[in-house]
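Reviewing the structure listed below.
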Amino acid sequence: AMAEVGAGGPRLAELLAAGRRLWDELEAGAEPSSGAPAVQDKVRQGLDALQRAAAMVAQLELFSENEELDEVASADLKFLLLPALLGALTLKQVDLSRRQQHLESARDHFLHFLKLCRNYGLGTFQLPPSAPGEEGARSPPGPGDPPGAQPSLVAMAMSRNAKIERYKQKKELENKLASMRSFVESGTADEDQIREFYMLQIQKWISTSLEELESIDQEMVILKSRDVARQAPAAPHGPSRPVRAPVRPFILTRDAAQARVFGAGYPGLPTMTVDDWYEQRRRQGIVSGQSVPQRAPGVSDEELQKQQQEKKEEEDDEEVLQKARNWDDWKDTHPRGYGNRQNMG
């Protein structure tokens, strides 16, 4: 393995340092919103610097599958963090239309980092499956579990305890790193201290990567179920009814003569006789032809009305009938709205 980066060294180190600085500024969170232009500019700049650095690391073949950790130079250890930082910055992007793509990209970066770490024997952890929802993600059923049971309560409890333990370790690591950072960055630390500092950073990012992968997988499940819900056809709510044209307001009159009288006072409002109304409704298919009052040939409006009235009179109570007649007589001589003058002028 190459002990030092060689001619490209300073440039590579600068790119990593720039990416790290931007990440630290984002974590400090001076801006209130992750979608603020200043925040997203830093995300883009950080991703650009780290992607260029990662391309250099790949080109230089800085890390190899068949080498031991002690073969990696202390100054090169920090470059192991590149994929983890790339994953974290990828998640900071806020373009919702590309969220699925960002989640998949971040997941690949975190998995790449964890595989590198495991290859060098760094940390004891179980790698998640290469794609969310694969069977490998399930805990093997315990001996007391019924066949086909969900992940056992014992496994869930163990997982919870592991998370609590990981959280405690992460806090201890952060405290150690904070106390060591100043003299490592000032250049006064010896090689052993530099090596320990980078190893602690790697341990911290292993913990972060495992947490982020779990969070990514949960979000992917939510996105997938939301997409399925969007694509599902709307459930039919009973037989569909034909759309009817809206009915314009009009005055319903008893005959053509009355239509002329009322129409004169209300030129803006159409008038129609009962027969016209029935005929219009029949043409629209709303009432059947049978519902129009049948008349013998040559029977006028007045005669038809008289026949209907006589039939009704036989059925109605005399007093009710008298009231109806009085009301009809009054309407014949008083136009609609008669006497309602308080709101005019």
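Cβ coordinates come from backbone N, Cα and C, glycine included.
What TrEMBL annotates here:
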- 127-151: region 'Disordered' (REGION)
- 140-149: compositional bias 'Pro residues' (COMPBIAS)
- 286-345: region 'Disordered' (REGION)
- 303-312: compositional bias 'Basic and acidic residues' (COMPBIAS)
- 320-335: compositional bias 'Basic and acidic residues' (COMPBIAS)
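Remark: secondary structure over the compositional bias 'Basic and acidic residues' (320-335) totals 14 helix, 0 strand, 2 coil, with classes taken from DSSP. DSSP labels the residues of the compositional bias 'Basic and acidic residues' (303-312) in these numbers: 10 helix, 0 strand, 0 coil.
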